[in-house]
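Here the structure is laid out as C-alpha coordinates; the discussion comes afterwards.
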Amino acid sequence: MVVRKRNDSVQIALSSVTLTATNSSEEVDYNQSNENASDFTEIEINDTTGTTFCLLLIGTFLSLLIFLSIAGNILVCVAIYTDRGLRRIGNLFLASLAIADLFVAALVMTFAVVNDLLGYWMFGAQFCDTWIAFDVMCSTASILNLCAISLDRYIHIKDPLRYSRWITKRVAFTTIAGVWLLAALISFLPISLGLHRPPQPRTVHSGNTEYPTCALDLTPTYAVVSSCVSFYIPCIVMLGIYCRLYCYAQKHVKNIKAITRPLTSTTPTMTAVHHQGSSPYHVSDHKAAITVGVIMGTFLLCWVPFFCVNIIAAFCKTCIPGIAFKVLTWLGYSNSAFNPIIYSIFNTEFREAFRRILTAHYPACCCRKYRNVNFNSSEASVRKTRKSDDSILQQNITKFNGGIKEFNSSNSARSSVASLRQARINSTEKVIIETEETSII
(Lines of atoms letter the chains of each structure in order from A and count residues from 1; the text may use other names and numbers.)
(Lines give C-alpha, C1' and ligand atoms only; values in the text may rest on other atoms or scores of the structure.)
Protein backbone atom coordinates (compact mmCIF):
# COMPACT_ATOMS: atom_id res chain seq x y z
CA MET A 1 0.00 0.00 0.00
CA VAL A 2 2.80 2.40 0.88
CA VAL A 3 4.65 1.62 -2.36
CA ARG A 4 1.52 2.10 -4.46
CA LYS A 5 0.83 5.50 -2.85
CA ARG A 6 4.38 6.59 -3.53
CA ASN A 7 4.05 5.57 -7.18
CA ASP A 8 0.78 7.48 -7.48
CA SER A 9 2.35 10.58 -6.00
CA VAL A 10 5.28 10.32 -8.40
CA GLN A 11 2.92 10.01 -11.37
CA ILE A 12 0.91 13.00 -10.18
CA ALA A 13 4.09 15.05 -9.83
CA LEU A 14 5.29 14.06 -13.29
CA SER A 15 1.94 14.89 -14.83
CA SER A 16 1.91 18.28 -13.16
CA VAL A 17 5.41 19.01 -14.47
CA THR A 18 4.36 17.95 -17.95
CA LEU A 19 1.23 20.13 -17.75
CA THR A 20 3.20 23.17 -16.67
CA ALA A 21 5.75 22.62 -19.49
CA THR A 22 2.92 22.29 -21.99
CA ASN A 23 1.27 25.46 -20.75
CA SER A 24 4.53 27.37 -20.89
CA SER A 25 5.17 26.24 -24.50
CA GLU A 26 1.65 27.22 -25.48
CA GLU A 27 2.17 30.64 -23.95
CA VAL A 28 5.41 31.07 -25.87
CA ASP A 29 3.71 30.05 -29.14
CA TYR A 30 0.81 32.40 -28.42
CA ASN A 31 3.16 35.28 -27.72
CA GLN A 32 5.13 34.58 -30.91
CA SER A 33 1.93 34.42 -32.96
CA ASN A 34 0.78 37.72 -31.46
CA GLU A 35 4.12 39.32 -32.29
CA ASN A 36 3.97 38.00 -35.88
CA ALA A 37 0.38 39.23 -36.26
CA SER A 38 1.30 42.68 -34.97
CA ASP A 39 4.27 42.86 -37.36
CA PHE A 40 2.04 41.81 -40.25
CA THR A 41 -0.60 44.41 -39.41
CA GLU A 42 2.07 47.11 -39.18
CA ILE A 43 3.46 46.14 -42.60
CA GLU A 44 -0.07 46.06 -44.04
CA ILE A 45 -0.86 49.50 -42.59
CA ASN A 46 2.38 50.91 -44.01
CA ASP A 47 1.63 49.43 -47.44
CA THR A 48 -1.90 50.86 -47.35
CA THR A 49 -0.58 54.30 -46.37
CA GLY A 50 2.03 54.26 -49.15
CA THR A 51 -0.52 53.14 -51.73
CA THR A 52 -2.97 55.85 -50.66
CA PHE A 53 -0.25 58.52 -50.87
CA CYS A 54 0.78 57.35 -54.35
CA LEU A 55 -2.82 57.36 -55.55
CA LEU A 56 -3.34 60.83 -54.11
CA LEU A 57 -0.20 62.13 -55.82
CA ILE A 58 -1.14 60.57 -59.17
CA GLY A 59 -4.70 61.88 -58.90
CA THR A 60 -3.47 65.41 -58.19
CA PHE A 61 -1.10 65.35 -61.17
CA LEU A 62 -3.76 64.01 -63.55
CA SER A 63 -6.34 66.50 -62.27
CA LEU A 64 -3.88 69.33 -62.94
CA LEU A 65 -3.34 67.98 -66.46
CA ILE A 66 -7.10 67.91 -67.05
CA PHE A 67 -7.48 71.46 -65.75
CA LEU A 68 -4.71 72.77 -68.02
CA SER A 69 -6.25 71.02 -71.02
CA ILE A 70 -9.71 72.45 -70.37
CA ALA A 71 -8.50 75.96 -69.53
CA GLY A 72 -6.07 76.19 -72.46
CA ASN A 73 -8.55 75.03 -75.08
CA ILE A 74 -11.36 77.23 -73.73
CA LEU A 75 -8.95 80.17 -73.89
CA VAL A 76 -8.20 79.41 -77.55
CA CYS A 77 -11.92 79.28 -78.42
CA VAL A 78 -12.66 82.52 -76.56
CA ALA A 79 -9.72 84.29 -78.22
CA ILE A 80 -10.85 83.29 -81.72
CA TYR A 81 -14.46 84.26 -80.95
CA THR A 82 -13.77 87.67 -79.37
CA ASP A 83 -10.79 88.92 -81.39
CA ARG A 84 -11.64 90.07 -84.91
CA GLY A 85 -8.03 89.79 -85.99
CA LEU A 86 -8.12 86.05 -85.27
CA ARG A 87 -11.32 85.37 -87.20
CA ARG A 88 -9.46 84.10 -90.23
CA ILE A 89 -10.23 80.99 -92.24
CA GLY A 90 -7.06 79.23 -91.17
CA ASN A 91 -7.93 79.67 -87.49
CA LEU A 92 -11.16 77.72 -87.98
CA PHE A 93 -9.05 74.56 -87.98
CA LEU A 94 -7.43 75.71 -84.73
CA ALA A 95 -10.91 76.21 -83.24
CA SER A 96 -11.93 72.70 -84.32
CA LEU A 97 -8.72 71.31 -82.80
CA ALA A 98 -9.41 73.15 -79.54
CA ILE A 99 -12.96 71.74 -79.39
CA ALA A 100 -11.68 68.20 -79.99
CA ASP A 101 -9.04 68.57 -77.26
CA LEU A 102 -11.64 70.08 -74.94
CA PHE A 103 -13.85 67.01 -75.46
CA VAL A 104 -10.87 64.75 -74.77
CA ALA A 105 -10.25 66.51 -71.45
CA ALA A 106 -13.87 66.84 -70.33
CA LEU A 107 -15.48 63.64 -71.63
CA VAL A 108 -12.59 61.17 -71.68
CA MET A 109 -9.87 62.12 -69.20
CA THR A 110 -12.24 62.82 -66.30
CA PHE A 111 -13.72 59.30 -66.34
CA ALA A 112 -10.31 57.78 -67.09
CA VAL A 113 -8.95 59.21 -63.81
CA VAL A 114 -11.67 57.51 -61.77
CA ASN A 115 -11.32 54.25 -63.70
CA ASP A 116 -7.53 54.08 -63.33
CA LEU A 117 -7.40 55.11 -59.67
CA LEU A 118 -10.15 52.73 -58.50
CA GLY A 119 -9.02 49.88 -60.73
CA TYR A 120 -12.53 49.05 -61.93
CA TRP A 121 -15.41 50.67 -63.84
CA MET A 122 -18.22 52.03 -61.66
CA PHE A 123 -20.40 53.77 -64.27
CA GLY A 124 -22.15 50.78 -65.84
CA ALA A 125 -21.47 48.52 -68.81
CA GLN A 126 -23.58 50.53 -71.28
CA PHE A 127 -21.80 53.79 -70.53
CA CYS A 128 -18.47 51.98 -70.90
CA ASP A 129 -19.05 51.53 -74.63
CA THR A 130 -20.13 55.17 -74.94
CA TRP A 131 -17.00 56.33 -73.12
CA ILE A 132 -14.73 54.22 -75.34
CA ALA A 133 -16.51 55.60 -78.42
CA PHE A 134 -15.93 59.17 -77.26
CA ASP A 135 -12.31 58.29 -76.51
CA VAL A 136 -11.68 57.00 -80.01
CA MET A 137 -13.70 59.76 -81.71
CA CYS A 138 -12.19 62.74 -79.88
CA SER A 139 -8.61 61.47 -80.15
CA THR A 140 -9.08 60.74 -83.85
CA ALA A 141 -10.65 64.17 -84.45
CA SER A 142 -7.74 65.84 -82.67
CA ILE A 143 -5.15 64.05 -84.83
CA LEU A 144 -7.09 64.65 -88.06
CA ASN A 145 -7.43 68.35 -87.20
CA LEU A 146 -3.65 68.51 -86.77
CA CYS A 147 -3.32 67.02 -90.24
CA ALA A 148 -5.78 69.59 -91.65
CA ILE A 149 -3.81 72.43 -90.01
CA SER A 150 -0.58 71.21 -91.58
CA LEU A 151 -2.26 71.04 -95.01
CA ASP A 152 -3.63 74.58 -94.57
CA ARG A 153 -0.17 75.88 -93.67
CA TYR A 154 1.36 74.10 -96.64
CA ILE A 155 -1.06 75.70 -99.11
CA HIS A 156 -0.51 79.10 -97.53
CA ILE A 157 3.26 78.82 -97.91
CA LYS A 158 3.34 77.20 -101.35
CA ASP A 159 0.89 79.49 -103.13
CA PRO A 160 -0.11 82.46 -100.95
CA LEU A 161 -1.68 84.37 -103.86
CA ARG A 162 -4.19 81.62 -104.60
CA TYR A 163 -4.75 80.65 -100.97
CA SER A 164 -7.80 82.87 -100.48
CA ARG A 165 -9.33 81.47 -103.66
CA TRP A 166 -8.73 77.83 -102.76
CA ILE A 167 -9.40 77.91 -99.01
CA THR A 168 -12.77 79.57 -98.53
CA LYS A 169 -15.15 79.36 -95.59
CA ARG A 170 -17.17 76.70 -97.38
CA VAL A 171 -14.07 74.59 -98.00
CA ALA A 172 -12.93 75.02 -94.38
CA PHE A 173 -16.31 74.06 -92.89
CA THR A 174 -16.60 71.11 -95.28
CA THR A 175 -13.15 69.87 -94.28
CA ILE A 176 -13.94 70.21 -90.58
CA ALA A 177 -17.26 68.40 -91.03
CA GLY A 178 -15.46 65.60 -92.92
CA VAL A 179 -12.91 65.27 -90.09
CA TRP A 180 -15.59 64.86 -87.44
CA LEU A 181 -17.69 62.54 -89.63
CA LEU A 182 -14.72 60.24 -90.25
CA ALA A 183 -13.91 60.26 -86.53
CA ALA A 184 -17.50 59.32 -85.69
CA LEU A 185 -17.60 56.54 -88.28
CA ILE A 186 -14.38 54.95 -86.99
CA SER A 187 -15.63 55.06 -83.38
CA PHE A 188 -19.39 54.96 -82.79
CA LEU A 189 -20.36 52.69 -85.69
CA PRO A 190 -18.16 49.64 -84.92
CA ILE A 191 -18.44 50.09 -81.16
CA SER A 192 -22.23 50.23 -81.25
CA LEU A 193 -22.20 47.02 -83.31
CA GLY A 194 -19.86 45.33 -80.82
CA LEU A 195 -17.05 44.78 -83.33
CA HIS A 196 -14.33 46.36 -81.21
CA ARG A 197 -13.90 43.88 -78.34
CA PRO A 198 -13.55 40.11 -77.82
CA PRO A 199 -16.66 38.12 -76.79
CA GLN A 200 -15.47 37.63 -73.17
CA PRO A 201 -15.17 40.88 -71.17
CA ARG A 202 -12.46 41.35 -68.59
CA THR A 203 -13.23 41.33 -64.84
CA VAL A 204 -11.24 42.12 -61.71
CA HIS A 205 -11.41 39.68 -58.76
CA SER A 206 -11.11 41.07 -55.21
CA GLY A 207 -11.73 38.19 -52.83
CA ASN A 208 -15.10 36.70 -53.67
CA THR A 209 -16.30 39.84 -55.49
CA GLU A 210 -15.95 40.49 -59.22
CA TYR A 211 -15.68 44.05 -60.48
CA PRO A 212 -16.20 44.98 -64.15
CA THR A 213 -13.49 46.81 -66.07
CA CYS A 214 -13.63 49.23 -68.96
CA ALA A 215 -10.51 49.35 -71.10
CA LEU A 216 -9.42 49.26 -74.74
CA ASP A 217 -9.57 45.49 -75.10
CA LEU A 218 -9.72 45.51 -78.90
CA THR A 219 -9.84 42.81 -81.54
CA PRO A 220 -6.82 42.67 -83.86
CA THR A 221 -8.84 43.72 -86.92
CA TYR A 222 -10.36 46.79 -85.28
CA ALA A 223 -7.04 47.74 -83.65
CA VAL A 224 -5.19 47.74 -86.99
CA VAL A 225 -7.93 49.55 -88.95
CA SER A 226 -8.60 52.21 -86.32
CA SER A 227 -4.88 52.82 -85.70
CA CYS A 228 -4.21 53.29 -89.41
CA VAL A 229 -7.14 55.70 -89.89
CA SER A 230 -6.64 57.56 -86.63
CA PHE A 231 -2.86 57.85 -86.56
CA TYR A 232 -0.57 56.17 -89.07
CA ILE A 233 -2.00 57.67 -92.27
CA PRO A 234 -2.33 61.22 -90.81
CA CYS A 235 1.15 60.90 -89.31
CA ILE A 236 2.73 60.05 -92.67
CA VAL A 237 0.83 62.93 -94.30
CA MET A 238 1.95 65.38 -91.61
CA LEU A 239 5.59 64.30 -91.85
CA GLY A 240 5.59 64.78 -95.62
CA ILE A 241 3.78 68.12 -95.42
CA TYR A 242 6.01 69.62 -92.73
CA CYS A 243 9.17 68.51 -94.50
CA ARG A 244 8.03 70.16 -97.73
CA LEU A 245 6.77 73.18 -95.80
CA TYR A 246 10.16 73.73 -94.22
CA CYS A 247 11.86 73.33 -97.61
CA TYR A 248 9.50 75.91 -99.15
CA ALA A 249 10.13 78.30 -96.26
CA GLN A 250 13.89 78.08 -96.80
CA LYS A 251 13.39 78.53 -100.54
CA HIS A 252 11.33 81.68 -99.95
CA VAL A 253 14.00 83.10 -97.67
CA LYS A 254 16.65 82.47 -100.33
CA ASN A 255 14.48 84.17 -102.94
CA ILE A 256 14.07 87.17 -100.67
CA LYS A 257 17.85 87.29 -100.23
CA ALA A 258 18.36 87.23 -103.99
CA ILE A 259 15.71 89.88 -104.74
CA THR A 260 16.52 92.29 -101.91
CA ARG A 261 20.32 92.02 -102.11
CA PRO A 262 21.99 94.86 -100.17
CA LEU A 263 23.64 97.59 -102.17
CA THR A 264 27.42 97.61 -102.31
CA SER A 265 28.89 100.69 -100.75
CA THR A 266 32.04 101.59 -98.92
CA THR A 267 30.46 104.00 -96.46
CA PRO A 268 30.28 102.89 -92.83
CA THR A 269 26.53 103.51 -92.66
CA MET A 270 25.87 101.13 -95.54
CA THR A 271 28.08 98.47 -93.94
CA ALA A 272 26.03 98.68 -90.76
CA VAL A 273 22.82 98.43 -92.77
CA HIS A 274 24.17 95.35 -94.53
CA HIS A 275 24.88 93.58 -91.24
CA GLN A 276 21.50 94.54 -89.81
CA GLY A 277 19.65 93.39 -92.91
CA SER A 278 21.31 89.98 -93.01
CA SER A 279 20.47 89.04 -89.40
CA PRO A 280 16.70 88.44 -89.83
CA TYR A 281 17.35 85.61 -92.31
CA HIS A 282 19.26 83.58 -89.75
CA VAL A 283 16.56 84.24 -87.13
CA SER A 284 13.83 83.20 -89.57
CA ASP A 285 15.56 79.91 -90.43
CA HIS A 286 16.17 79.19 -86.76
CA LYS A 287 12.56 79.90 -85.75
CA ALA A 288 11.19 77.81 -88.61
CA ALA A 289 13.37 74.86 -87.64
CA ILE A 290 12.41 75.13 -83.97
CA THR A 291 8.70 75.46 -84.73
CA VAL A 292 8.56 72.46 -87.06
CA GLY A 293 10.68 70.41 -84.66
CA VAL A 294 8.48 71.23 -81.67
CA ILE A 295 5.26 70.50 -83.58
CA MET A 296 6.29 67.12 -84.94
CA GLY A 297 8.41 66.15 -81.94
CA THR A 298 5.58 66.67 -79.45
CA PHE A 299 3.04 64.92 -81.67
CA LEU A 300 5.24 61.88 -82.26
CA LEU A 301 6.37 61.67 -78.64
CA CYS A 302 2.80 61.66 -77.36
CA TRP A 303 1.12 59.30 -79.81
CA VAL A 304 3.68 56.92 -81.36
CA PRO A 305 4.25 54.80 -78.20
CA PHE A 306 0.53 54.36 -77.57
CA PHE A 307 -0.43 53.30 -81.09
CA CYS A 308 2.49 50.87 -81.31
CA VAL A 309 1.51 49.28 -78.00
CA ASN A 310 -2.17 49.31 -79.00
CA ILE A 311 -1.57 46.98 -81.94
CA ILE A 312 0.77 44.73 -79.95
CA ALA A 313 -1.77 44.39 -77.12
CA ALA A 314 -4.49 43.42 -79.60
CA PHE A 315 -2.48 40.41 -80.84
CA CYS A 316 -0.80 39.50 -77.52
CA LYS A 317 -2.91 40.20 -74.43
CA THR A 318 -0.17 39.39 -71.91
CA CYS A 319 2.78 41.08 -73.66
CA ILE A 320 2.07 44.61 -72.37
CA PRO A 321 1.65 45.20 -68.60
CA GLY A 322 -1.49 47.04 -67.57
CA ILE A 323 0.37 49.87 -65.86
CA ALA A 324 2.50 50.48 -68.96
CA PHE A 325 -0.58 50.65 -71.17
CA LYS A 326 -2.21 53.19 -68.82
CA VAL A 327 0.90 55.38 -68.73
CA LEU A 328 1.16 55.44 -72.53
CA THR A 329 -2.57 56.18 -72.81
CA TRP A 330 -2.20 59.23 -70.58
CA LEU A 331 0.84 60.28 -72.57
CA GLY A 332 -1.40 60.43 -75.64
CA TYR A 333 -4.05 62.33 -73.69
CA SER A 334 -1.44 64.93 -72.68
CA ASN A 335 -1.15 66.02 -76.31
CA SER A 336 -4.50 67.78 -75.79
CA ALA A 337 -2.80 70.01 -73.20
CA PHE A 338 0.26 70.67 -75.38
CA ASN A 339 -1.68 71.64 -78.52
CA PRO A 340 -2.88 75.06 -77.21
CA ILE A 341 0.69 75.88 -76.20
CA ILE A 342 2.28 74.89 -79.50
CA TYR A 343 -0.27 76.19 -81.97
CA SER A 344 -1.37 79.30 -80.09
CA ILE A 345 1.18 80.65 -77.62
CA PHE A 346 3.94 80.49 -80.24
CA ASN A 347 1.80 82.92 -82.28
CA THR A 348 2.13 86.60 -81.38
CA GLU A 349 -1.51 87.39 -82.13
CA PHE A 350 -2.75 84.66 -79.82
CA ARG A 351 -0.36 85.78 -77.11
CA GLU A 352 -1.76 89.29 -77.23
CA ALA A 353 -5.33 87.97 -77.24
CA PHE A 354 -4.60 85.75 -74.22
CA ARG A 355 -3.03 88.68 -72.37
CA ARG A 356 -6.06 90.84 -73.11
CA ILE A 357 -8.49 88.15 -71.91
CA LEU A 358 -6.57 87.22 -68.76
CA THR A 359 -5.89 90.81 -67.69
CA ALA A 360 -9.47 92.00 -68.16
CA HIS A 361 -11.09 92.83 -64.84
CA TYR A 362 -14.67 92.24 -65.94
CA PRO A 363 -16.28 90.16 -68.69
CA ALA A 364 -17.32 92.05 -71.79
CA CYS A 365 -21.01 91.09 -71.46
CA CYS A 366 -21.21 92.52 -67.92
CA CYS A 367 -19.37 95.79 -68.34
CA ARG A 368 -20.32 96.77 -71.90
CA LYS A 369 -23.03 99.24 -70.80
CA TYR A 370 -20.85 100.66 -68.06
CA ARG A 371 -17.97 101.22 -70.45
CA ASN A 372 -20.25 102.87 -73.04
CA VAL A 373 -21.55 105.34 -70.41
CA ASN A 374 -18.02 106.20 -69.28
CA PHE A 375 -16.79 106.59 -72.85
CA ASN A 376 -19.71 108.85 -73.83
CA SER A 377 -19.34 111.06 -70.75
CA SER A 378 -15.60 111.54 -71.15
CA GLU A 379 -15.53 111.78 -74.93
CA ALA A 380 -15.70 115.57 -75.04
CA SER A 381 -12.83 116.04 -72.59
CA VAL A 382 -10.70 113.49 -74.40
CA ARG A 383 -11.23 115.24 -77.71
CA LYS A 384 -10.19 118.60 -76.24
CA THR A 385 -7.01 117.17 -74.76
CA ARG A 386 -6.22 115.38 -78.01
CA LYS A 387 -6.62 118.60 -80.03
CA SER A 388 -4.24 120.48 -77.76
CA ASP A 389 -1.74 117.61 -77.78
CA ASP A 390 -1.95 117.32 -81.57
CA SER A 391 -1.26 121.02 -82.05
CA ILE A 392 1.80 120.88 -79.78
CA LEU A 393 3.02 117.73 -81.48
CA GLN A 394 2.57 119.29 -84.94
CA GLN A 395 4.70 122.26 -83.96
CA ASN A 396 7.44 120.00 -82.63
CA ILE A 397 7.35 117.87 -85.79
CA THR A 398 7.69 120.99 -87.95
CA LYS A 399 10.71 122.13 -86.01
CA PHE A 400 12.22 118.65 -86.15
CA ASN A 401 11.69 118.39 -89.92
CA GLY A 402 13.38 121.75 -90.40
CA GLY A 403 16.41 120.51 -88.49
CA ILE A 404 16.49 117.29 -90.53
CA LYS A 405 16.39 119.22 -93.80
CA GLU A 406 19.33 121.34 -92.72
CA PHE A 407 21.23 118.20 -91.67
CA ASN A 408 20.47 116.34 -94.92
CA SER A 409 21.50 119.28 -97.09
CA SER A 410 25.03 119.01 -95.69
CA ASN A 411 25.34 115.36 -96.82
CA SER A 412 25.67 114.10 -100.36
CA ALA A 413 22.52 113.24 -102.31
CA ARG A 414 23.87 109.86 -103.40
CA SER A 415 24.40 108.50 -99.87
CA SER A 416 20.98 109.72 -98.71
CA VAL A 417 19.16 108.09 -101.61
CA ALA A 418 21.08 104.84 -101.13
CA SER A 419 20.38 104.70 -97.40
CA LEU A 420 16.68 105.44 -97.95
CA ARG A 421 16.49 102.72 -100.56
CA GLN A 422 18.25 100.21 -98.30
CA ALA A 423 15.93 101.09 -95.38
CA ARG A 424 12.90 100.36 -97.57
CA ILE A 425 14.43 97.04 -98.63
CA ASN A 426 15.06 96.06 -95.01
CA SER A 427 11.52 96.95 -93.97
CA THR A 428 10.14 94.88 -96.85
CA GLU A 429 12.35 91.96 -95.83
CA LYS A 430 11.12 92.08 -92.24
CA VAL A 431 7.46 92.14 -93.29
CA ILE A 432 7.89 89.15 -95.62
CA ILE A 433 9.90 87.17 -93.06
CA GLU A 434 7.31 87.82 -90.33
CA THR A 435 4.60 86.62 -92.72
CA GLU A 436 6.57 83.42 -93.37
CA GLU A 437 7.03 82.74 -89.66
CA THR A 438 3.31 83.27 -88.95
CA SER A 439 2.38 80.90 -91.74
CA ILE A 440 4.65 78.18 -90.38
CA ILE A 441 3.21 78.49 -86.88
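Every residue, even glycine, has its Cβ placed from backbone N, Cα and C.
Straight from TrEMBL, the features:
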{"type": "TRANSMEM", "residues": "55-80", "note": "transmembrane segment"}
{"type": "DOMAIN", "residues": "72-343", "note": "domain 'G-protein coupled receptors family 1 profile'"}
{"type": "TRANSMEM", "residues": "92-111", "note": "transmembrane segment"}
{"type": "TRANSMEM", "residues": "131-151", "note": "transmembrane segment"}
{"type": "TRANSMEM", "residues": "171-193", "note": "transmembrane segment"}
{"type": "TRANSMEM", "residues": "222-247", "note": "transmembrane segment"}
{"type": "TRANSMEM", "residues": "288-315", "note": "transmembrane segment"}
{"type": "TRANSMEM", "residues": "327-346", "note": "transmembrane segment"}
Predicted model, mean pLDDT over the domain 'G-protein coupled receptors family 1 profile' (72-343)
83
CB contact flag for the transmembrane segment (92-111) and the transmembrane segment (288-315), at least three pairs under 8 A
no
For the transmembrane segment (131-151) against the transmembrane segment (171-193), do we get 3 or more Cβ-Cβ pairs below 8 Å once near-sequence pairs (under 6 apart) are dropped?
yes
Top stretch among 55-80, 222-247, 288-315 for CB pairs under 8 A with the transmembrane segment (171-193)?
222-247
Residue numbers, six or more beyond the limits of the transmembrane segment (55-80), whose CB comes under 8 Å of its CB atoms
86-87, 91, 94-95, 98-99, 101-102, 104-106, 109-110, 113, 116-117, 330, 333-334, 336-337, 339-341, 344, 350, 353-354, 357-358
